[in-house]
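In what follows, a structure is listed as C-alpha coordinates, so that the remarks can point back to it.
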Amino acid sequence: MSKQSYFFANWKMYLDFDEANILANAIAAEHKKFPDHVKMAIFPNALSLYSAGQVLNDVGIAVGGQNVFWEDKGGYTGEISATMYKAAGCEYALVGHSERRHQFHETNHEVRQKMQAILEAGLTPVLCVGETKEERVAGKTDEVIETQLRSAFHELSWPAEKGLIVAYEPVWAIGTGEACDPNEAERLHALMKKMLNELAPGTLPILLYGGSVRPENVFDYLKQPDINGVLVGGAATKLESFMSILSNIK
Ligand code: PGA
(Lines of atoms letter the chains of each structure in order from A and count residues from 1; the text may use other names and numbers.)
(Lines give C-alpha, C1' and ligand atoms only; values in the text may rest on other atoms or scores of the structure.)
Protein backbone atom coordinates (compact mmCIF):
# COMPACT_ATOMS: atom_id res chain seq x y z
CA MET A 1 0.00 0.00 0.00
CA SER A 2 1.25 3.52 -0.78
CA LYS A 3 2.05 5.77 2.17
CA GLN A 4 -0.14 8.80 2.90
CA SER A 5 1.31 11.75 0.96
CA TYR A 6 0.52 15.46 0.71
CA PHE A 7 0.35 17.53 -2.46
CA PHE A 8 -0.09 21.21 -1.58
CA ALA A 9 -0.27 23.80 -4.35
CA ASN A 10 0.60 27.45 -3.80
CA TRP A 11 -0.83 29.44 -6.71
CA LYS A 12 0.79 32.66 -5.42
CA MET A 13 -0.25 35.64 -7.61
CA TYR A 14 0.18 33.64 -10.84
CA LEU A 15 -3.54 33.34 -11.67
CA ASP A 16 -6.22 36.03 -11.79
CA PHE A 17 -9.82 35.48 -10.65
CA ASP A 18 -11.02 33.86 -13.89
CA GLU A 19 -7.89 31.78 -14.37
CA ALA A 20 -8.01 30.45 -10.80
CA ASN A 21 -11.67 29.48 -11.13
CA ILE A 22 -11.15 27.88 -14.54
CA LEU A 23 -8.23 25.80 -13.22
CA ALA A 24 -10.14 24.82 -10.05
CA ASN A 25 -13.03 23.55 -12.22
CA ALA A 26 -10.66 21.73 -14.57
CA ILE A 27 -8.92 19.99 -11.64
CA ALA A 28 -12.27 19.10 -10.06
CA ALA A 29 -13.41 17.54 -13.34
CA GLU A 30 -10.50 15.07 -13.03
CA HIS A 31 -11.51 13.95 -9.55
CA LYS A 32 -11.99 10.31 -10.55
CA LYS A 33 -8.21 10.14 -11.06
CA PHE A 34 -7.37 11.39 -7.55
CA PRO A 35 -5.51 8.67 -5.63
CA ASP A 36 -6.87 7.88 -2.14
CA HIS A 37 -3.46 8.14 -0.47
CA VAL A 38 -2.85 11.78 -1.49
CA LYS A 39 -4.22 14.64 0.60
CA MET A 40 -4.47 17.79 -1.53
CA ALA A 41 -4.78 21.45 -0.66
CA ILE A 42 -4.66 24.52 -2.88
CA PHE A 43 -3.78 28.09 -1.90
CA PRO A 44 -5.50 30.41 -4.43
CA ASN A 45 -5.30 34.21 -4.21
CA ALA A 46 -7.62 35.69 -1.58
CA LEU A 47 -10.19 36.93 -4.11
CA SER A 48 -10.64 33.56 -5.82
CA LEU A 49 -10.45 31.50 -2.68
CA TYR A 50 -14.15 31.36 -1.87
CA SER A 51 -15.49 30.48 -5.32
CA ALA A 52 -12.62 28.13 -6.22
CA GLY A 53 -12.84 26.63 -2.74
CA GLN A 54 -16.45 25.58 -3.16
CA VAL A 55 -15.61 23.67 -6.33
CA LEU A 56 -12.47 22.13 -4.84
CA ASN A 57 -14.04 21.20 -1.48
CA ASP A 58 -16.75 19.27 -3.36
CA VAL A 59 -14.10 16.88 -4.70
CA GLY A 60 -12.18 16.59 -1.43
CA ILE A 61 -9.49 19.23 -2.02
CA ALA A 62 -8.97 21.63 0.87
CA VAL A 63 -8.09 25.30 0.45
CA GLY A 64 -5.90 27.66 2.43
CA GLY A 65 -4.88 31.31 2.66
CA GLN A 66 -1.49 32.45 1.39
CA ASN A 67 -0.94 34.99 4.16
CA VAL A 68 -2.87 36.01 7.30
CA PHE A 69 -2.75 39.05 9.56
CA TRP A 70 -2.42 38.42 13.30
CA GLU A 71 -5.18 40.74 14.54
CA ASP A 72 -8.76 39.58 14.25
CA LYS A 73 -10.51 42.78 13.13
CA GLY A 74 -9.88 46.50 13.03
CA GLY A 75 -8.29 49.34 11.14
CA TYR A 76 -5.71 47.33 9.17
CA THR A 77 -6.26 48.40 5.57
CA GLY A 78 -5.59 45.65 3.10
CA GLU A 79 -5.16 42.83 5.62
CA ILE A 80 -7.21 39.65 6.10
CA SER A 81 -7.34 37.84 9.44
CA ALA A 82 -6.97 34.14 10.12
CA THR A 83 -10.57 33.97 11.37
CA MET A 84 -11.79 35.52 8.10
CA TYR A 85 -9.95 32.85 6.12
CA LYS A 86 -11.45 30.20 8.36
CA ALA A 87 -14.97 31.59 7.83
CA ALA A 88 -14.40 31.54 4.06
CA GLY A 89 -13.84 27.77 4.19
CA CYS A 90 -10.09 27.47 4.65
CA GLU A 91 -8.46 24.59 6.46
CA TYR A 92 -4.87 25.82 6.15
CA ALA A 93 -2.75 28.96 6.06
CA LEU A 94 0.75 29.44 4.71
CA VAL A 95 2.99 31.31 7.10
CA GLY A 96 6.54 32.57 6.69
CA HIS A 97 6.73 31.81 2.97
CA SER A 98 10.11 33.05 1.74
CA GLU A 99 8.45 35.48 -0.68
CA ARG A 100 6.77 37.08 2.34
CA ARG A 101 9.99 37.06 4.36
CA HIS A 102 12.24 38.40 1.62
CA GLN A 103 10.04 40.58 -0.61
CA PHE A 104 7.82 41.94 2.15
CA HIS A 105 10.41 41.91 4.94
CA GLU A 106 8.32 39.72 7.23
CA THR A 107 10.29 39.03 10.40
CA ASN A 108 10.58 35.92 12.58
CA HIS A 109 8.61 37.82 15.21
CA GLU A 110 5.74 38.51 12.80
CA VAL A 111 5.75 34.86 11.75
CA ARG A 112 5.38 33.95 15.43
CA GLN A 113 2.37 36.30 15.78
CA LYS A 114 0.77 34.78 12.72
CA MET A 115 1.32 31.26 14.11
CA GLN A 116 -0.64 32.24 17.21
CA ALA A 117 -3.49 33.77 15.18
CA ILE A 118 -3.67 30.67 12.97
CA LEU A 119 -3.81 28.43 16.04
CA GLU A 120 -6.55 30.52 17.66
CA ALA A 121 -8.60 30.61 14.45
CA GLY A 122 -8.54 26.80 14.21
CA LEU A 123 -6.56 26.66 10.98
CA THR A 124 -3.57 24.39 10.39
CA PRO A 125 -0.40 26.33 9.59
CA VAL A 126 1.98 25.42 6.80
CA LEU A 127 5.05 27.05 8.29
CA CYS A 128 7.76 27.63 5.68
CA VAL A 129 11.45 27.80 6.51
CA GLY A 130 14.57 27.85 4.37
CA GLU A 131 17.91 29.45 3.72
CA THR A 132 19.10 31.80 0.97
CA LYS A 133 21.94 30.89 -1.39
CA GLU A 134 24.33 33.17 0.51
CA GLU A 135 23.44 31.50 3.80
CA ARG A 136 23.99 28.05 2.29
CA VAL A 137 27.35 29.01 0.81
CA ALA A 138 28.38 30.44 4.19
CA GLY A 139 27.54 27.08 5.83
CA LYS A 140 24.63 28.57 7.79
CA THR A 141 21.77 26.40 6.49
CA ASP A 142 21.11 24.44 9.69
CA GLU A 143 21.46 27.53 11.85
CA VAL A 144 18.93 29.50 9.75
CA ILE A 145 16.39 26.70 9.89
CA GLU A 146 16.86 26.27 13.61
CA THR A 147 16.43 29.99 14.22
CA GLN A 148 13.31 30.21 12.06
CA LEU A 149 11.75 27.20 13.78
CA ARG A 150 12.68 28.28 17.29
CA SER A 151 11.32 31.78 16.84
CA ALA A 152 8.06 30.54 15.27
CA PHE A 153 7.37 28.52 18.45
CA HIS A 154 8.79 31.03 20.93
CA GLU A 155 6.61 30.89 24.05
CA LEU A 156 3.93 29.15 22.04
CA SER A 157 2.79 25.82 23.36
CA TRP A 158 1.35 23.95 20.43
CA PRO A 159 -1.44 21.59 21.58
CA ALA A 160 -0.54 18.01 20.65
CA GLU A 161 -3.94 17.41 19.02
CA LYS A 162 -3.66 20.40 16.65
CA GLY A 163 -2.38 19.91 13.14
CA LEU A 164 1.08 21.16 12.30
CA ILE A 165 2.73 21.26 8.89
CA VAL A 166 6.24 22.55 8.24
CA ALA A 167 7.73 23.01 4.78
CA TYR A 168 11.45 23.15 4.04
CA GLU A 169 11.72 25.53 1.10
CA PRO A 170 15.27 26.66 0.28
CA VAL A 171 14.92 30.19 -1.10
CA TRP A 172 17.37 29.50 -3.95
CA ALA A 173 15.21 26.58 -5.16
CA ILE A 174 11.92 28.48 -5.36
CA GLY A 175 10.84 29.29 -8.90
CA THR A 176 14.38 28.76 -10.23
CA GLY A 177 14.33 25.21 -11.61
CA GLU A 178 17.27 24.44 -9.28
CA ALA A 179 15.68 21.86 -6.96
CA CYS A 180 17.42 20.75 -3.76
CA ASP A 181 19.20 17.39 -3.85
CA PRO A 182 16.67 14.92 -2.34
CA ASN A 183 19.25 13.48 0.10
CA GLU A 184 20.09 16.96 1.36
CA ALA A 185 16.36 17.74 1.66
CA GLU A 186 15.94 14.52 3.67
CA ARG A 187 18.80 15.51 5.98
CA LEU A 188 17.07 18.81 6.73
CA HIS A 189 13.68 17.18 7.20
CA ALA A 190 15.22 14.82 9.75
CA LEU A 191 16.70 17.86 11.52
CA MET A 192 13.30 19.62 11.52
CA LYS A 193 11.57 16.51 12.81
CA LYS A 194 14.03 16.29 15.71
CA MET A 195 13.62 19.97 16.56
CA LEU A 196 9.82 19.85 16.37
CA ASN A 197 9.84 16.97 18.79
CA GLU A 198 11.26 19.42 21.28
CA LEU A 199 9.39 22.59 20.20
CA ALA A 200 5.93 21.06 19.71
CA PRO A 201 6.03 17.75 21.59
CA GLY A 202 3.48 15.09 20.70
CA THR A 203 2.25 16.81 17.53
CA LEU A 204 3.42 14.38 14.80
CA PRO A 205 4.09 17.19 12.32
CA ILE A 206 3.71 16.66 8.58
CA LEU A 207 6.84 17.72 6.70
CA LEU A 208 6.82 19.01 3.11
CA TYR A 209 9.55 19.87 0.63
CA GLY A 210 9.08 22.85 -1.70
CA GLY A 211 11.23 24.46 -4.39
CA SER A 212 11.12 23.59 -8.12
CA VAL A 213 9.12 20.39 -7.64
CA ARG A 214 8.16 18.96 -11.04
CA PRO A 215 6.48 15.78 -12.31
CA GLU A 216 9.96 14.30 -12.97
CA ASN A 217 11.37 14.84 -9.49
CA VAL A 218 8.35 14.69 -7.15
CA PHE A 219 8.81 11.05 -6.27
CA ASP A 220 12.54 11.51 -5.50
CA TYR A 221 11.37 13.57 -2.51
CA LEU A 222 8.40 11.47 -1.51
CA LYS A 223 10.43 8.30 -1.26
CA GLN A 224 12.59 9.85 1.48
CA PRO A 225 11.62 8.59 4.94
CA ASP A 226 11.00 11.99 6.58
CA ILE A 227 9.37 13.82 3.64
CA ASN A 228 5.59 13.44 3.76
CA GLY A 229 4.67 15.66 0.85
CA VAL A 230 5.44 18.56 -1.45
CA LEU A 231 4.51 22.22 -1.68
CA VAL A 232 4.44 23.18 -5.34
CA GLY A 233 4.24 26.63 -6.93
CA GLY A 234 4.69 27.13 -10.68
CA ALA A 235 4.18 23.51 -11.77
CA ALA A 236 0.80 23.39 -9.98
CA THR A 237 -0.65 26.32 -11.94
CA LYS A 238 -1.29 24.34 -15.14
CA LEU A 239 -3.72 21.43 -15.40
CA GLU A 240 -1.32 19.16 -17.28
CA SER A 241 1.61 19.46 -14.87
CA PHE A 242 -0.71 19.45 -11.82
CA MET A 243 -2.19 16.09 -12.93
CA SER A 244 1.20 14.79 -13.94
CA ILE A 245 2.63 15.53 -10.47
CA LEU A 246 -0.35 13.80 -8.93
CA SER A 247 0.10 10.71 -11.07
CA ASN A 248 3.76 10.49 -10.03
CA ILE A 249 2.89 10.30 -6.33
CA LYS A 250 3.07 6.54 -5.98
P1 PGA B 1 8.00 26.64 -7.02
O2 PGA B 1 7.48 27.35 -5.69
O3 PGA B 1 7.42 25.24 -7.05
O4 PGA B 1 7.49 27.49 -8.14
O5 PGA B 1 9.49 26.60 -6.95
C6 PGA B 1 7.35 26.64 -4.48
C7 PGA B 1 6.80 27.54 -3.40
O8 PGA B 1 7.11 28.72 -3.37
O9 PGA B 1 6.04 27.07 -2.53
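A Cβ is built for glycine as well, from the same backbone N, Cα and C atoms used for every other residue.
What you are looking at is a predicted structure, and each value in this text was computed from that prediction instead of being measured.
Residues or ranges marked as active site, electrophile in TrEMBL: H97. Look at H97 (active site, electrophile): DSSP puts it in coil.
Other C-beta atoms found within 10 angstroms of the C-beta of E169 (active site, proton acceptor) number 28, with every protein chain shown included. Residues or ranges marked as active site, proton acceptor by TrEMBL: E169.
Under the heading substrate binding site, TrEMBL lists N10, W11, K12, G175, S212, G233, G234. Long-range Cβ contacts of W11 (substrate binding site) within its own chain (separation 6+, distance under 8 Å): A20, L23, I42, F43, P44, N45, G233, A236, T237.
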G234 (substrate binding site) has its Cβ surrounded, within 10 angstroms, by a count of other Cβ atoms equal to 18
Quick one: of the binding-site residues K12, G175, S212, G234, flag those whose CB is under 6 Å from ligand 1, and say none if nothing qualifies. G175, S212, G234
Around S212 (substrate binding site), which residues of its chain at least 6 apart sit with Cβ under 8 Å of its Cβ? A173, I174, G175, T176, G177, E178, A179
